[in-house]
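Okay, structure first, notes after.
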Amino acid sequence: MAGNRNNDMNVYCSFCGKSQDEVKKIIAGNGVFICNECVALSQEIIKEELAEEVLADLAEVPKPKELLEILNQYVVGQDRAKRALAVAVYNHYKRVSYTESSDDDVDLQKSNILMIGPTGSGKTFLAQTLAKSLNVPFAIADATSLTEAGYVGEDVENILLKLIQAADYNVERAERGIIYVDEIDKIAKKGENVSITRDVSGEGVQQALLKIIEGTVASVPPQGGRKHPNQEMIQINTKNILFIVGGAFDGIEDLVKQRLGEKVIGFGQTSRKIDDNASYMQEIISEDIQKFGLIPEFIGRLPVVAALELLTAEDLVRILTEPRNALVKQYQTLLSYDGVELEFDQDALLAIADKAIERKTGARGLRSIIEETMLDIMFEIPSQEDVTKVRITKAAVEGTDKPVLETA
């Protein structure tokens, strides 16, 4: 309510003491008055304090080098991809912090991330590790389970519900989280020509994902499933959610070779080395991704492309032993609870890596191979109190002999 100007009583600002004749406007409250100049000054003070809070928030976000150091503790290899992710994630949260406090004319757009790499190269684990290091909610979705609205399957909004659930239904916290969408290459258009039939899980899903990736206020059913009339919805703004999408994109290196003018190797010809194909993955540009089947609008919302390389046997052995949560360390800890020491021969580790490569499962297949090798041991050991040490040999991994047991 504005203070009334009258001839009988002059109104003064309770903060600066100026009269209503000295300012443009005085607003009256419960026994107090404030002028337009003090309102403007208050806004400026609040803005400065918010900016200081933002700088404090940003100080808590690890710098790119610090993020890389964290990733190096858990993820073996993929140095180029880790650098790209560290920079992209830091810039994203820097953008979020400044956008929330600044009214600058410059609109800082979101830089979502596309990770391209073979199965088991560490795409999902990289995204998980980043979210954990930043202490933000994290959700994983499988693109192949998604359909556009009106078809049997999972609506894209259900991805947001997973993030809200990960944030314990704290929507404000969820709005600064990370979503990883896997198998994104599986919803690529099957060829560049538009199909006459309806594309339920291809271009339509890309269009649906596009809306939430670029930033929108989405209505999410609190219990998941399809939307129904008169159903109470959770409103969530996706403009500050970081989307990381990943896929194997099998065969995309051939598109890169074609673009670069090189002949694609056919049947019966000598194949290029894996290292050569790995270097082609670093040459991927948006044109190649579009030819693979992602629509231009969708690609445009994924400006950061991180290409992951096929893991070698040496990489897999390092994954087994070096990270803080390495599988060998985990199984050694498990057996230590039974008072038993666990040791892997070097050639046994290499045999595990070779099996994973043979099965084309990469790092994600390592645990199942160890489980197969150690099943009988883990069954028997708790009942054999005289066993003090178990040694896993190459023969044990290959199934031609049993692990070596040492007794007291």
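Glycine is treated like the rest: Cβ placed from N, Cα and C.
Feature list (source: Swiss-Prot):
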- 1-54: domain 'ClpX-type ZB' (DOMAIN)
- Cys13, Cys16, Cys35, Cys38: Zn(2+) binding site (BINDING)
- Pro118, Thr119, Gly120, Ser121, Gly122, Lys123, Thr124, Phe125: ATP binding site (BINDING)
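Just so you know, of the binding-site residues Pro118, Gly120, Gly122, the Cβ with the fewest other Cβ atoms around it within 10 Å is the one at Pro118. The average pLDDT the prediction assigns to the domain 'ClpX-type ZB' (1-54) is 78. Around Cys38 (Zn(2+) binding site), the same-chain residues at least 6 positions away in sequence with a Cβ under 8 Å from its Cβ are Cys13, Phe15, Cys16. By neighbour count, meaning other C-beta atoms within 10 Å, the densest spot among the binding-site residues Thr119, Ser121 is Ser121. Here the binding-site residues are Cys13, Cys16, Cys35, and the one whose Cβ sees the fewest other Cβ atoms within 10 Å is Cys16. Listed in sequence order, the residues of the same chain lying 6 or more apart from Phe125 (ATP binding site) and placing their CB within less than 8 Å of its CB are Tyr74, Val75, Ala363. Cα separation, Gly122 (ATP binding site) to Cys35 (Zn(2+) binding site), rounded: 59 Å. Each residue contributes its Cα atom, and for Thr124 (ATP binding site) and Cys35 (Zn(2+) binding site) those atoms are 56 Å apart. Of all Cβ atoms in the shown protein chains, 16 besides its own fall within 10 Å of the Cβ of Thr124 (ATP binding site). Of the recorded residues, Pro118 (ATP binding site) and Cys35 (Zn(2+) binding site) place their C-alpha atoms 64 Å from one another. Distances between the Cα of Cys35 (Zn(2+) binding site) and those of the binding-site residues Thr119, Gly120, Ser121, Lys123 are shortest for Lys123. Around the Cβ of Lys123 (ATP binding site), the number of neighbouring Cβ atoms within 10 Å comes to 26.
Neighbours of the Zn(2+) site: apart from Cys13, Cys16, Cys35, Cys38, residues of the same chain with C-beta atoms within 8 angstroms of the site's C-beta centroid are Ser14, Phe15, Gly17, Lys18, Val23, Ile26, Phe33, Ile34, Asn36, Glu37, Val39. Under the three-state DSSP scheme, Pro118 (ATP binding site) falls in the coil class. Of the chain residues outside the ATP site list Pro118, Thr119, Gly120, Ser121, Gly122, Lys123, Thr124, Phe125, Gly117, Gly246, Leu308, Gly362, Ala363, Arg364 have their Cβ within 8 Å of the site's Cβ mean position.
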